[in-house]
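As given in Swiss-Prot:
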- Pro3: N-acetylproline (MOD_RES)
- Lys14: N6,N6,N6-trimethyllysine (MOD_RES)
- Asn123, Thr173, Lys177, Arg295, His327, Ser379: substrate binding site (BINDING)
- Lys175: active site, proton acceptor (ACT_SITE)
- Lys201: N6-carboxylysine (MOD_RES)
- Lys201, Asp203, Glu204: Mg(2+) binding site (BINDING)
- His294: active site, proton acceptor (ACT_SITE)
- Lys334: site 'Transition state stabilizer' (SITE)
Amino acid sequence: MSPKTETKASVGFKAGVKDYRLTYYTPEYQTKDTDILAAFRVTPQPGVPPEEAGAAVAAESSTGTWTTVWTDGLTSLDRYKGRCYDIEPVPGEESQFIAYVAYPLDLFEEGSVTNLFTSIVGNVFGFKALRALRLEDLRIPPAYSKTFQGPPHGIQVERDKLNKYGRPLLGCTIKPKLGLSAKNYGRAVYECLRGGLDFTKDDENVNSQPFMRWRDRFVFCAEAIYKAQAETGEIKGHYLNATAGTCEEMMKRAIFARELGVPIVMHDYLTGGFTANTSLAHYCRDNGLLLHIHRAMHAVIDRQKNHGMHFRVLAKALRMSGGDHIHAGTVVGKLEGERDVTLGFVDLLRDDFIEKDRSRGIYFTQDWVSMPGVLPVASGGIHVWHMPALTEIFGDDSVLQFGGGTLGHPWGNAPGAVANRVALEACVQARNEGRDLAREGNEVIREASKWSPELAAACEIWKEIKFEFEAMDTL
């Protein structure tokens, strides 16, 4: 029989439950340059003071638990705890508050978005004292962002690889997204690329299904790329979706794409996971592949205004995890995206330094130092009449992706691609000549359609198409 032992708590330990705000609400705290800062939209349960709710978020996403524990005495709580250092009411919302929380850098593993999110957006989102909780923004200090590789290549390197400058890049998602055989799929890719597009794309749920196994698709798409390049003299690409059920299978697909000599692969980074995405991004940099990122599943996380996580946080996480393109809404198409908010996180993807600007939803100044930028992709329900607005809103460093707006052309895929390329070139030229695309955009398209029958046909077929719904993602 083992001897009876007794563990004595340290002097000063007092068991029981105490208010979080006694330890984790510290309005006098001065944030450090190395702190990771978070802005949470907090909706407390009735009767819970906002200070207690904010402190609870800080505690449960860092060192705290529901009761006092004697092992607190074995470490420095002041060094490692998260701190709710400010709370402000949300204008127009009676029971919502923005709680600002500072986390010391040592709480997080270097170079791991997975670990960062496990703490900051982990169990705390199921906390009973809160009716709802949304992470609006994060400030990632250079001391932490420099532990990440970031995008495999970035905007300038991609332009140099493709030898394409001075305009947005043009893409197209192949439709129908499911059901085509690999050979017919490759044929659609070829028609779009020879018509003038820079890229074509696997849809997010094209992986390796019975009707089209991944290896067959990769081979036929590579054939289409090389044939279109030979005919046009331009470098072309197709986003070959390497997303798979295991990381090993994903890497096998990326390796095969590299062996085929194609320029770019694709990953669904939310459904695939940040660990898989970061692994793929490292492989892409080491092997000269560009990496296109699809955000499938993002609206499950970011669409509700009072619970979840804003896409600007997912965008920052992707820039650290690694990707050269990411879908970012259109402002004018069928998918969610309000202009000022969308441009806020577009700047967070592309620029080196972004000032705090609450009018665009940016809660913190963000300094990426030398981390490469990510090209935002505008995709979803857009067509030639949207081209002036897209050119004006997103600028040159973007990818404009027309799926139905290419493949739905009455004359076929190649004429659809021609129409989009002519419209884009006309808008870029008009902008460079000093014309106001916001006011004169439709006239620019009409003028170009006079000498392009492909564009004229596209203008006619989509002249009445509009997606006029109020955006959910507003400030």
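A Cβ is built for glycine as well, from the same backbone N, Cα and C atoms used for every other residue.
On a predicted model such as this, the values are computed, not experimentally measured, just so you know.
Taking a C-beta cut-off of under 8 angstroms and a sequence separation of 6 or more, Glu204 (Mg(2+) binding site) has the following same-chain neighbours: Asn241, Thr243, Asp268, Thr271, His294, Ala296.
A 10 Å radius around the C-alpha of Asp203 (Mg(2+) binding site) takes in these recorded positions out of Lys175, Arg295, His327, in sequence order: Lys175. The most densely surrounded of the recorded positions His294, Arg295, judged by C-beta neighbours within 10 angstroms, is His294.
Looking only at the binding-site residues Thr173, Lys177, His327, Ser379, the one with its C-alpha closest to Lys201 (N6-carboxylysine) is Thr173. DSSP assigns Lys175 (active site, proton acceptor) to coil in the three-state reduction, outside any helix or strand. Annotation for Thr173 (substrate binding site): same-chain Cβ neighbours under 8 Å, separated by at least 6 residues, are Thr200, Lys201, Asp202, Asp203, Ser379, Gln401, Gly403.
Taking Cβ-Cβ distances under 8 Å and a sequence gap of 6 or more within the same chain, the neighbours of His327 (substrate binding site) are Ile293, His294, Arg295, Pro376, Val377, Ser379, Gly380.
For the binding-site residues Asn123, Ser379, the largest tally of other C-beta atoms within 10 A is found at Ser379. In this structure, the C-alpha atom of Asn123 (substrate binding site) lies 39 angstrom from that of Lys175 (active site, proton acceptor). Note: the Mg(2+) site is recorded as Lys201, Asp203, Glu204; in the same chain, Thr173, Ile174, Lys177, Asp202, Asn205, Val206, Tyr239, Asn241, Met266, His294 also have Cβ atoms within 8 Å of that site's Cβ centroid. Looking only at the recorded positions Lys175, Lys177, Lys201, the densest Cβ neighbourhood within 10 Å occurs at Lys201. When other Cβ atoms within 10 Å of the Cβ of Asp203 (Mg(2+) binding site) are tallied across all protein chains shown, the result is 18. Reduced to three states, the DSSP call for Asn123 (substrate binding site) is helix.
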